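Residues or ranges marked as active site, proton acceptor in TrEMBL: H290. Feature annotation from TrEMBL assigns Fe cation binding site to H333, E339, H369. Marked as homogentisate binding site by TrEMBL: Y348, H369. Per TrEMBL, the feature domain 'Homogentisate 1,2-dioxygenase N-terminal' maps to 5-277. Sequence annotations record features per position, and here TrEMBL assigns domain 'Homogentisate 1,2-dioxygenase C-terminal' to 278-432.
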Amino acid sequence: MSDYKYMSGFGSHFSSEDPRYPNALPKAQNTPQKCPYGLYAEQLSGSAFTAPRKENVRTWFYRVHPSAKHLPFQPYMFNRYLTHDWDEQIPNPNQMRWKPFDIPTGEKKNFVKGLHTICGAGDIRSRHGLAVHVYLCNESMENAAFYNSDGDFLIVPQQGVLDITTEFGKIKVSPNEICVIPQGVRYAVNVSGPTRGYILEVYDNHFQLPDLGPIGANGLANPRDFETPVAWFEDRNVNGFEMISKFQGRLYVAKQNHSPFDVVAWHGNYVPYKYNLSKFMVINSVSYDHCDPSIFTVLTCPSLRYGTAIADFVIFPPRWSVQEHTFRPPYYHRNCMSEFMGLILGKYEAKEDGFMPGGATLHSMMTPHGPDYTCFETASKAKLGPERVAEGTQAFMFESALSMAVTQWGEKTCQKLDEKYYECWQALKNNFKLTN
């Protein structure tokens, strides 16, 4: 039997038990005096007990050992580049572009050791804000697991497959797929070679599907296409198993003598999940003009201000372009939001040169951006007819209402910032004429 089996749905209440131990889920109650098979009942809360029912998320685990069975936490000293200090560098309003981030070759690094923060905003202690990281690793996590006390991770693989073991079960995530690991969920990441990807971390809330409004009941990322793993467990004694916690932006480690992946059964609506980006149902103009990129929103983490996000996850997938008498690439733009973009594969339509898979751009709040000279000239003269756009490409954007600061690693230490990025706009001409 394959270890990778999933249940479909978004925001659903799931129930799952390892088929090796049938009836491990208690009947008709959460905390019986004695759980089946001598298991412990443990609740994982993703919202306040008194949160409105539509926002109330939690899961009940039935596990071999309670999570509280570990030695005291100590500082974890093996990562200097995971940070929440947004004052390391003075603010930089320039357009920024990074060449592909280097994956370690000689030194062995697992997922946790390979976390590097590029930019972010807000405050972890007050649960308001976000951070953008990359992971650069070449080694699996052995006898170690990780959980984030500060927020949710939305993980976007760019190179290499992630084999993730969670308390809920196993998830395999490939490039052009994403996964979300909610706050507090424990997991280990195994890789089979050089591996790279992007992470959007949110502190305020959990990711939701965007409202569809006049689009109707169907479209964009459909709930049925999200996948949550079925229960899988191991009852394994391990001397010195490392439980790594991200707490208030810092890493800590506690030792324990057992694997945390010992959940025999569980039920609830607070779960990790994956999604294949190729299943996104694209909405686009079929008459004229370039639509705003919000039509490509996969997931959103809303703020308290209606219609404004702490973070949106937006993609630019392959699609048909048919607009008449229209400049079809993205328009020139100054935005009250911050736009961080990454490229999973292919070439981005507005900048086919310089923006490469494994790299990134940041166009900060009100920093102007748009097509480069070559894109503008080509699209302005192109014969308009139905055409496929972004074939073989997948670019994405983390967009936020917060003004993000770049870390010292992002601006200096990584040595990947393209100092000549501004040059892509310098050849744009003055085409103004007194008469048409």
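Every residue gets a Cβ built from N, Cα and C, even glycine.
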Taking the centroid of the Cβ atoms of H333, E339, H369 (Fe cation site), which other same-chain residues have Cβ within 8 Å of it?
P330, R334, N335, H363, T367, P368, G370
Highest Cβ count within 10 Å among the recorded positions H290, H333, H369: which residue is it?
H369
Integer mean pLDDT for the domain 'Homogentisate 1,2-dioxygenase N-terminal' (5-277):
97
Under 8 Å by Cβ from Y348 (homogentisate binding site), same chain, sequence gap 6 or more:
F316, M341, F355, A390, T393, A395
Tell me the Cβ contacts of E339 (Fe cation binding site) under 8 Å, same chain only and six or more apart in sequence, or just say none.
T361, L362, H363, H369, M397, F398, E399
Inter-residue Cα distance where the pair is H290 (active site, proton acceptor) and H333 (Fe cation binding site), in Å:
12
